[in-house]
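J.: One structure coming up, written as structure tokens, with questions to follow.
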Amino acid sequence: MLDNEEFMLDSYPRELTQNPLKKIWMPCRNGHIAQRRVCMTNCPTLIVTVGLPARGKTYISKKLTRYLNWIGVPTKEFNVGQYRRECLKIYKSFEFFRPDNEEGLKIRRQCATSALNDVRQYLSVEGGQVAVFDATNTTRERRGTIVKFAEQNGFKVFFVESVCEDPDVIAQNIVQVKLGSPDYLHCNSEEAIEDFMKRIKCYESSYQPLDEVLDRDLSYIKIMDVGRRYLVNRVVDHIQSRIVYYLMNIHITPRSIYLCRHGESDLNIKGRIGGDSGLSARGKEFAKHLRKFIQEQNIKDLKVWTSQMKRTIQTAECLGVPYEQWKSLNEIDAGVCEEMMYEEIQEHYPLEFALRDQDKYRYRYPKGESYEDLVQRLEPVIMELERQENILVICHQAVMRCLLAYFLDKTADELPYLNCPLHTVLKLTPVAYGCKVESVYLGVDSVNTHRDRPENVNVQRSTEDALQTVPAHF
Amino acid sequence: MSGTQRDNGPANSTEAKKTDLRMHERKCSWASYMTNSPTVIVMIGLPARGKTYMSKKLTRYLNWIGVPTKVFNLGVYRREAVRAYKSYDFFRHDNEEAMKIRKQCALVALQDVKAYLTEEGGQIAVFDATNTTRERRDLIQAFVKENAFKVFFVESVCDDPEVIAANILEVKVSSPDYPERHRERVMDDFLKRIECYKVTYQPLNPDDYDKDLSFIKVINVGRRFLVNRVQDYIQSKIVYYLMNIHVHSHSIYLCRHGESNHNVEGRIGGDSELSPRGRQFAHTLREFVDEHKLSDLKVWTSQLRRTIQTAEELGVPYEQWKILNEIDAGVCEEMTYEMIQETFPEEFALRDQDKYHYRYPGGESYQDLVQRLEPVIMELERQGNVLVVCHQAVMRCLLAYFLDKGADDLPYMKCPLHTVLKLTPVAYGCKVEMFYLNVEAVNTHRDRPLGKIPKDSAIIHRRNSYTPLSSHDQVKRPRLYSAGNQPWLPLAPTPSALMPEGRQSQESLCEGIDFDSPDETSGCVRF
């Protein structure tokens, strides 16, 4: 068929070709594959925080950014305080923030403008989909400026206001994140707290909270008393709905999340991936050590979750406490490669093996899944983990990597290579803006199942090159 | 893959009970499992604020995700107690006789709620009434506390007169209260009925009186929401759901891919291409879409070739969803039913025993599919006009959601090839129109097997679908295993009827209640 004829036959269906890496069927004409970008929103979204200092705006910004990036929405936060620190170099005192400090106001306005310019760059040029503009934005005037900016650039705006009058919460906030701020490196705690309280005062007089009547046409969520109450106004699209759902599920009650894999399994020993085998002798030993560990930790109201595969359930059974099974926690489905050794995959599917090394995050096993699919599958788990308090999740290597990447803010490139060895428990404790990680090896030997990215990922590579990084097995 | 274990029957009766409980336990959906104490959802609002609409929709959604839920509509109880509705005078707050009756109805309804949640295996009861005074709400709270239930209030506040008028026209005109259906008269009487309630209406006050309650206030049909003290997983899901539904008119079109090569060979699953007749269907589908002049139609497909090929023909942008992929038949993928019968006769029999919960080895069950499809349902609720090109099992699950079908019916719903179903939300339900696009195709429907399937044959434990008891649930309640309202329960309207009330006997309901006895009416506080 000639080129021009093809164009005339408008109703003739385009041929489908399957992307060899992601196994997604895409139309192509003359070999040109139509790129489909599945996105959550038609136009970029600008999230704008609102609130007095020490109300958790940066905490929310960072957490939200982390979540959105993890589910695959390119998101970046822009903290105006950072811009101010770059501009000022040295922070002297709260006086900078006094409402009658003309010089201060000028600089602050410049910083906001500079940040907005970077936002525009990120959303319009660099392919970002969501930008989080983290600042106090406490006056209607400032918010009006931002709304106009967004309109000019075709962005949607969603406000996230945090309102809190509980002095304990505010004090806790200051201790956790302000004392360590670059602004107060040269102060002792009392001085810092005193200065910061005065800083808050500077904003209070001009604070115009989002108003039910005056701001009724804006899209926003007002978070009151750290999530006791929410006011949600005019959610207009899917991404805003997801953001609201996420914000309504997070909490700041101190707790710890324990992540570990099942004990060593029979297939692990043989160097085979996937399958549904039981624990090896050493795996059972690990389960006993895990029980001891849990008892020693003396955790209040610990919940235990497993997948629906034998090896995690057997591990949990040993603990002697009730546990809940999630099918979503099942290991990544390796499709036609299930129960194969890496050597066998190289032998039977050398092309697939190479493609996987080229882009391990997006690579989907034939008739199986990719890490990208896994993340989508695990999203409800993450949502529920956010709601929970103390919890132990007994899962699998790929699954644990995905969960860990969420908590430690790892990129899609890093995720598939995170180290999650058998018989090791990771204790994650949210602290300040991030997560403290403690790794506890429970002293029971096991095989190593971690396969690093080999140097040569070319599809023409030799078997030796392909198997360069395969871990030892029986 | 190692084989399944066979249980030859437990030795003693406690073992039997444990096994029984475990067998039953594993049938609960994940969502149901996560819900610990029973919850009473209490609707609040003046008449014509969409309380019943939300109650029914919410109930349908919760049942679909496997949480046994039921609506208790006070109006229905009232209509039974007072056979003939005369006029709005019944609702005047100074009508003592009527007040007595209305209060009694509430008490009776609450007793039914209690029975449903404690004896009949229900987990959520939706108490659909105006509940506009603090007094009434305090009464309910006392009841809830007494029975160790949780309570979550859903208040609908609306001051847009157009919305209210539209509401009245859509659902009140056809209500049993107004058999003569004369529009203006109905409108007039109903508006006066609303006025009766307004006099004593005390909305939830989040800043003072009601600040410790768990509730969501839906303002102006979802323009704004106030959410207070969400306690747990299920309340969080309820809030999310209520925030995603809308009342704008729209239509959802469901169809399967065109006939595929595997279809022709009688094979299940796989990722084959369209047959020539399948391609013809895709072409006809395009004409259908053009004919219906759908504005801003979104088209969704799965990531399997046959749905994508079908959508390609339409010449419009479409979105691929992996979660719309057909049910994974595991080891049975790409087999014909004959081959499955031959290779895995036990599996084949098991599937016929309980098609909803049965999971293919290395594959999925309908129950898994429902969990997988939940984000699709949530997004369909948010959207306008959508055409979903999917697969047989997937379409059954989606259809079951819209038509409120339970786990027993779902796997046997008819979803033939080359047929488009148009679903239009109307009143409290869904109007269905079926369009056969006149392109022949094989029939892929396998009916429910006739004759008795021995349900008490030796139980095969599936080690990968075992679910133990949870610590919160040591006192085992008998659970309803079929998701979906059971039509025999008194006063539950049948899903397909646009006329809300069924004509069942209510004598049993009011048995033993003497409305005139002093004991019954003592302590009766004015509503």
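In case you wondered, yes, glycine gets a Cβ from its N, Cα and C as well.
The structure displayed is predicted, hence computed values, not measured ones.
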J.: Suppose a student reads TrEMBL and sees B:ARG256, B:HIS257, B:GLY258, B:GLU259, B:SER260, B:ASN261, B:HIS262, B:ASN263 listed for substrate. Which of B:ARG193, B:ARG223, B:ARG305, B:ARG306 should they find annotated at that same site?
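T.: TrEMBL names B:ARG306 for this substrate site.
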J.: In DSSP terms, helix, strand or coil for B:ARG306 (substrate binding site)?
T.: helix
J.: Name, in the order they occur in the sequence, the residues of the same chain whose CB lies under 8 A from the CB of B:SER260 (substrate binding site) and which sit 6 or more residues away.
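T.: Listed in sequence order: B:SER272, B:GLU273, B:LEU274, B:SER275, B:GLY278, B:ARG306.
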J.: Measure between the Cα atoms of every pair in B:ARG256, B:HIS257, B:GLY258, B:GLU259, B:SER260, B:ASN261, B:HIS262, B:ASN263, B:ARG306, the residues the record assigns to substrate, and report the largest value in Å, rounded to a whole number.
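T.: Across B:ARG256, B:HIS257, B:GLY258, B:GLU259, B:SER260, B:ASN261, B:HIS262, B:ASN263, B:ARG306, the widest Cα separation comes out at 14 Å.
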J.: Can you see whether DSSP assigns B:ARG256 (substrate binding site) to helix, strand or coil?
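T.: Note: B:ARG256 (substrate binding site) is in a strand by DSSP.
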J.: Given the binding-site residues B:ARG256, B:HIS262, B:ARG306, which one has the fewest other C-beta atoms within 10 angstroms of its C-beta?
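T.: Sparsest of the binding-site residues B:ARG256, B:HIS262, B:ARG306 by Cβ contacts within 10 Å: B:HIS262.
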J.: Within its own chain, what residues at least 6 apart in sequence put their Cβ under 8 Å from the Cβ of B:GLY258 (substrate binding site), listed in sequence order?
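T.: Spatial neighbours, sequence-distant, of B:GLY258 (substrate binding site): B:LEU274, B:SER275, B:ARG277, B:GLY278, B:ARG279, B:GLN280, B:PHE281, B:ALA282, B:LEU285, B:ARG306, B:GLN309, B:THR310, B:LEU417, B:HIS418, B:VAL439, B:ALA441.
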